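Participant: Here TrEMBL flags 1-116, 161-413 as domain 'Ion transport'. The annotation transmembrane segment is assigned in TrEMBL to 84-106, 163-184, 196-214, 296-317, 379-404.
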Amino acid sequence: LFKGKFYYCEGPFAHKVRTRQQCEAMSDHRWKNQQYNFDNLGRALLTLFVLALKDGWVQIMYNGIDAVDVEMQPIKNYSETKSIYFISFILIVSFFLLNMFIGVIIKSFHDCRAQQELEEEARNRAKRAKKIERQQRLLRELPYHARFPLWRKCLHDAYISKYFDLIIAAIIVLNVVTMSLEYYSMPSDLDKFLEYCNYAFTVVFLLEFIWKIVAIGPSYYFKDKWNQLDLFIVLLSIAGIVMDKMLSRHILPINPILIRVTRIFRITRVLKLLKIATGVRALLDTVVHSLPQIGNLGLLFFLFFFIFATLGVELFGKLECSEEQPCSGLNKHAHFKNFGMALLTLFRVATGDNWISILKDTLRQDDSPRAGKNHFMTIISPIYFVVFILVAQFVLINILVAVLMKKLADSNKRIADDAEMDEEIERQLESDVHDGNHIEQ
């Protein structure tokens with residue numbers, strides 16, 4: 001369908017050319033072939049691989065649509081029906097087969113962890129039994145706030161109320177809105193208004209901290225890590241205000257630019273929403289519990305990138321980009337001339353950002369004295385990039401996603417189990433009361 005039809009004439013009057021003979025008969029004109037073509041099985045497979053990854057596939061499709069015949073100059077939109085070939089391939093391979101391949105990888109990962117999950121489930125059952133026993137014992141003991149005076153009990157009841165968290169959440173959202181009002185060259189009145197708003201919100205969060213300390217006591221307050229985060233945010237806010245004032249009045253001999261830097265402390269107030277948003281807390285819990293496995297995968301990523309970066313320096317480190325041999329993907333920001341830039345270039349390839357242009361540059365036959373004869377690049381380069389992309393994009397990254405998804409499912413299951421355990425304890429206590437086993441007062 002496309003064998004030998006991706007050639008084109010390059011030159012100032014190429015639009016007047018119709019055949020290869022006319023092109024070669026004109027000076028300053030060359031009869032060239034597209035790097036991604038269907039002239040042989042190897043190049044066809046490489047072109048289809050690029051199509052499957054959907055990076056630059058539109059240009060390849062238009063090259064096929066413009067193709068006329070062998071040794072004929074392409075004509076724009078010559079045969080639009082050929083687009084059916086490319087669109088069908090994208091639909092079948094990119095949207096269906098590749099996702100099946102990813103699904104198989106994730107399924108294999110879960111199968112490998114099946115035995116480990118059985119062992120973890122047995123440990124979780126033992127932890128659950130101990131937790132139920134501990135909760136039952138705590139619920140039968142005298143509550144820590146039972147001997148509080150009436151005014152302190154009122155503070156405690158207000159603190160454990162759901163409306164307390166809702167009010168604090170509303171204040172945080174309002175604080176975020178006021179912080180978003182700041183912009184470059186804003187009026188001094190607005191700047192002063194936002195400054196007073198910052199003082200007001202800091203006072204509110206400080207009062208919240210005092211309220212909690214009085215309501216539940218320091219010992220219970222600092223047992224909760226979220227309360228520790230709240231205190232840390234309050235201290236940062238106060239420190240930011242103090243430093244802002246000291247720097248603005250030139251009390252500290254520090255660059256005035258740091259006045260703006262101290263305002264970064266205000267952004268940490270958004271973290272207070274994590275305490276209220278249980279869904280976000282589950283995601284955060286997922287990331288924390290995934291760190292050991294992510295660390296192992298990170299080491300595997302580094303070793304894989306290290307090997308391919310070293311190979312890239314050896315294979316493509318001497319490729320030159322000049323006016324005679326321009327590059328479309330390789331430049332001062334992406335090349336293989338040293339190990340560091342090779343790592344960054346491979347990271348760019350792994351993200352799928354214009355990697356086909358980099359591959360296209362490495363496919364050319366560079367006969368410059370510095371590069372030497374490297375006709376083997378047309379064979380080595382596709383193997384290098386295809387293997388790297390298959391492993392980096394389709395295997396390692398999807399295993400990382402599988403780890404996070406599994407930990408998220410475990411986190412949601414743990415939250416559901418805790419809620420079920422609380423209901424079970426409550427039912428058992430109600431049963432004890434009905435049987436005459438009164439809770440200690």
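Glycine is no exception: its Cβ is also placed from the backbone N, Cα and C atoms.
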Participant: Could you pull out which residues elsewhere in the chain have a CB under 8 Å from any CB of the transmembrane segment (163-184), counting only those six or more residues past its ends?
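Facilitator: For the transmembrane segment (163-184), the list is 190-191, 194, 197-198, 201, 204, 208, 266-267, 269-270, 272-273, 275-276.
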Participant: So what's near the transmembrane segment (196-214) in sequence-distant terms, Cβ-Cβ under 8 Å and 6+ beyond its ends?
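Facilitator: Apart from its flanks, the transmembrane segment (196-214) reaches 152, 155, 158-159, 168, 171, 174-175, 178, 221, 227, 230-231, 233-234, 237-238, 241, 266, 269, 272.
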Participant: Averaged over the domain 'Ion transport' (1-116), what pLDDT does the prediction give?
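Facilitator: Within the domain 'Ion transport' (1-116), the model's average pLDDT equals 86.
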